[in-house]
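To keep things clear, I will list the structure first and then write my remarks on it.
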Amino acid sequence: QGFKKSDKHPPKDFGDVDSFGNLDPTGEYIVSTRVRCGRSLDGYPFNPCLTEAQYKEMEEKVSSTLSGLGGELKGTFYPLTGMSKEVQQKLIDDHFLFKEGDRFLQAANACRFWPTGRGIFHNDDKTFLVWCNEEDHLRIISMQ
């Protein structure tokens, strides 16, 4: 049966966020936190079934959309194709750069046309990242 186009996502319910309290009131233990999620773009198959043209098209859509962000999300998109050694090393040093897929992704045919259509975006503060076509269409990461 599945979902219909008219179906709506249920309202969010995170409970009473105030009851969470400060998890580290003295600031001794929590150094940072990260939230990440994977998303798929409508109209495109999962990674193993993408054509080279679809990879390029998706990268262009993602790059142009993210490059238009302003405020605290303003940043830069770095395509993997043609990336300079200097930029590559900087992204490695910042622990932002993803590598070509592991043996499981390779076995699933999810690394075709590497590095075509892949890229990384991060905001100027380096607290918001988006990976394009690493494993998911989009991997969205927020760090504090």
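Glycine residues also receive a Cβ, built from the backbone N, Cα and C atoms like all the rest.
All TrEMBL annotations are machine predictions without curation.
The following features are taken from TrEMBL:
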| type | residues | note |
| --- | --- | --- |
| REGION | 1-20 | region 'Disordered' |
| COMPBIAS | 1-15 | compositional bias 'Basic and acidic residues' |
| DOMAIN | 29-144 | domain 'Phosphagen kinase C-terminal' |
| BINDING | SER32, THR33, ARG34, VAL35, ARG36, HIS95, ARG139 | ATP binding site |
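Structure with TrEMBL features highlighted.
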{"residue": "SER32", "record": "ATP binding site", "Cβ contacts under 8 Å, 6 or more apart": "MET143, GLN144"}
{"residue": "THR33", "record": "ATP binding site", "Cβ contacts under 8 Å, 6 or more apart": "MET143, GLN144"}
{"residue": "ARG34", "record": "ATP binding site", "Cβ contacts under 8 Å, 6 or more apart": "ILE141, SER142, MET143, GLN144"}
{"residue": "VAL35", "record": "ATP binding site", "Cβ contacts under 8 Å, 6 or more apart": "ILE141, SER142, MET143"}
{"residue": "ARG36", "record": "ATP binding site", "Cβ contacts under 8 Å, 6 or more apart": "ARG139, ILE140, ILE141, SER142"}
{"residue": "HIS95", "record": "ATP binding site", "Cβ contacts under 8 Å, 6 or more apart": "none"}
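Under the three-state DSSP scheme, ARG139 (ATP binding site) falls in the strand class.
In this entry, SER32, THR33, ARG34, VAL35, ARG36, HIS95, ARG139 make up the residues listed for ATP, with the farthest two CA atoms of the set 19 Å from each other. DSSP assignment over the region 'Disordered' (1-20) gives 4 helix, 0 strand, 16 coil. Across the domain 'Phosphagen kinase C-terminal' (29-144), DSSP classifies residues as 36 helix, 27 strand, 53 coil.
Over all protein chains present, the Cβ of ARG139 (ATP binding site) has 18 other Cβ atoms lying within 10 Å.
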